[in-house]
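Let me begin by presenting the structure, written as structure tokens, before commenting on it.
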Amino acid sequence: MRAELAVYFIAGTQDIVRGTLPSVLEEALKGGITCFQYREKGAGSLQTASERKEMALECQKLCAKYQVPFIINDDVALALEIGADGIHVGQTDEAIRQVIASCSGKMKIGLSVHSVSEAKEAERLGAVDYIGVGPIFPTISKADAEPVSGTAILEEIRRAGITIPIVGIGGINETNSAEVLTAGADGVSVISAITQSDDCHSVIKQLKNPGSPS
């Protein structure tokens with residue numbers, strides 16, 4: 001799971017500024033992302049279940065073509081219906097124990113955490129495959145984001161002896177990803193770093209190898 005978290009792209013229709021979600025996703029897949037989470041939320045997102053399912057299936061097909069895990073944010077029923085590779089939920093989405101009961105053994109389970117105690121609980125549960133920790137830096141992509149934690153939260157989690165795979169989240173781009181990895185994350189998740197880039201292949205290369213020339 002750790003390798004799959006290296007460059008974890010998150011996006012929904014609401015995040016796309018040029019082109020379409022499938023076209024942006026395919027460019028990112030060609031560029032080398034290692035995981036994709038379909039997150040359809042907020043202003044500008046698809047509003048009907050049928051639209052979201054149709055888009056999810058299109059994105060899932062692209063991920064399968066490039067052999068990259070396809071994860072759905074929050075919507076357990078949709079993830080189960082279409083056979084997603086994973087489900088990611090937050091602390092205020094469906095209760096994690098309910099998600100585990102429905103999904104464990106069928107797909108990977110990711111959980112957002114914002115403190116050492118939440119990280120400890122995620123590891124204690126045993127069925128959570130990875131945690132998303134953040135927001136590390138200020139973010140424009142999530143209107144309901146928690147307060148910024150900085151990279152210190154990653155160091156605190158690792159110092160506490162927590163070994164569960166971690167992907168850093170929130171305001172991460174090619175200029176600050178090295179800090180996130182050095183602090184203890186196994187990978188970085190990005191939205192605008194890819195969706196707003198004129199050259200996502202270069203961005204992804206730098207996210208995978210911080211300090212490398214673009």
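Just so you know, glycine gets a Cβ as well, placed from its N, Cα and C.
Note that the coordinates shown come from a computational prediction; the quantities given were computed from them, not determined experimentally.
Packing around Gln37 (4-amino-2-methyl-5-(diphosphooxymethyl)pyrimidine binding site) is summarised by its Cβ count: 26 other Cβ atoms lie within 10 angstroms of its Cβ, all protein chains included. DSSP assigns Gln37 (4-amino-2-methyl-5-(diphosphooxymethyl)pyrimidine binding site) to a strand in the three-state reduction. Under the heading 4-amino-2-methyl-5-(diphosphooxymethyl)pyrimidine binding site, Swiss-Prot lists Gln37, Tyr38, Arg39, Glu40, Lys41, Asn73, Ser112, Lys142.
Annotation source Swiss-Prot lists Mg(2+) binding site at Asp74, Asp93, citing sequence analysis. DSSP gives Asp74 (Mg(2+) binding site) a coil state; it is part of no helix or strand.
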Inquiry  = Between the Cα atoms of Lys41 (4-amino-2-methyl-5-(diphosphooxymethyl)pyrimidine binding site) and Asp74 (Mg(2+) binding site), what distance do you get, rounded to the nearest Å?
reply    = 10
Inquiry  = Excluding near sequence neighbours, so keeping only residues 6 or more apart in the same chain, what lies with its CB under 8 A of Tyr38 (4-amino-2-methyl-5-(diphosphooxymethyl)pyrimidine binding site)?
reply    = Ala11, Gly12, Met55, Ala56, Cys59, Gln60, Phe70, Ile71, Ile72, Asn73
Query = For the binding-site residues Glu40, Asp74, which one has the sparsest Cβ surroundings, going by other Cβ atoms within 10 Å?
reply = Asp74
Remark   = For the binding-site residues Arg39, Lys41, the largest set of other C-beta atoms within 10 Å encircles the C-beta of Arg39
